[in-house]
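Novice: Attaching a single structure in C-alpha cells format; questions to follow.
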Amino acid sequence: MQWTLVVPVKPLARAKSRLSDTAADAVRPGLALAFAQDTVAAALAATAVRGVVVVTDDPLAARELTALGARAVPEDPGGGPGDGLNAALRHGAALVRDVRPQSPVAALNADLPALRPGELTRVLGAAAAFPRAFLADAAGTGTTLLAAAPGHGLSPAFGPGSRTRHRRSGAVELDLTAVDSVRQDVDTGDDLRAALGLGVGPRTAAAAARLLIPGQ
C-alpha cells in the first residue's frame, strides 16, 4: 500500500516556542525548518510513501520543502486563524482525496528530525490493517502519526492529550517497538537531546551544532 502523507508546518516565526530554553528567538525558525526538512526528506525516502503534501502558509518552508520533492499547499483560505493544526490536516487530506479518492492518507508531524524511512514504512504497514490507526509520541500523551485507510476519513484530533482523543475516536493505537524515530517529536530541549541521541538528519545536525546543548 502506497500512502500519501500530510505534514502541517506552521509559520516558522511562530514555531517551537517551547525551545526557548535551548534556542534563541532568532535561531528557532531555522531549527524548525531543519526539523521539517529532515522529516520530509526521510518520509519521501520511505518505500511505503507515494508522496508528501505539506500544508503551510510560510513561503520559505513551502519553497524549501517543495525543493525536496513535496507538494506544498496553503492552508484553507476559508479557515479562521483559530482553526489551527487539525483544520490544516483536514484540508490537506481533502486535497489528496480529491485527486486520489482511494488513497490511504496519514498525518505526520513535521518535527521528527531523527525519522528513519524503514521505521516509518513499518508503522505504515501496521496501520494498513485498520480503518484508522495512530502512533503515540515518545512522551506517551500525544500523537506523531494518524493514518486512514481508503474509504475512511482522517478525523484528526491533534494537540495536547491527543493520544486519548484519537483512541476515543475509534482509531487503533499501534503497539510497536523499535520505531523510536517515528515517535520522537521535538517540542522541548529534552526532546531535542533525545532526538540527537537517536541520530538526526543532516539539516538538524548542522543547526543543532550551533547550539550549546548540555549532554551533547
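Note that Cβ sites are derived from N, Cα and C of the backbone, with glycine treated the same way.
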Novice: Do you know which of Thr141, Thr143, Thr188 Swiss-Prot groups with Gly159, Ser162 in the phosphoenolpyruvate site?
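Specialist: Of Thr141, Thr143, Thr188, Thr143 joins Gly159, Ser162 in the phosphoenolpyruvate site that Swiss-Prot records.
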Novice: At a 10 A cut-off on CB-CB distances, which of the binding-site residues Thr143, Ser162 has the highest count?
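Specialist: Highest number of other Cβ atoms within 10 Å: Thr143.
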Novice: Could you say whether, by DSSP, Gly159 (phosphoenolpyruvate binding site) belongs to a helix, a strand or a coil region?
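Specialist: The three-state answer is coil.
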Novice: Return the residues near Gly159 (phosphoenolpyruvate binding site), defined as same-chain residues 6+ apart in sequence whose C-beta is under 8 angstroms from its C-beta, sorted by sequence, else 'none'.
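Specialist: When sequence neighbours closer than 6 are ignored, Gly159 (phosphoenolpyruvate binding site) has Gly84, Leu85, Asn86, Arg165 within Cβ distance under 8 Å.
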Novice: Take the mean position of the Cβ atoms of Thr143, Gly159, Ser162, the recorded phosphoenolpyruvate site. Which other residues of that chain put their Cβ within 8 Å of it?
Specialist: Gly142, Pro156, Ala157, Phe158, Pro160, Gly161, Arg163, Arg165, His166
Novice: When DSSP states are folded down to helix, strand and coil, where does Thr143 (phosphoenolpyruvate binding site) land?
Specialist: strand
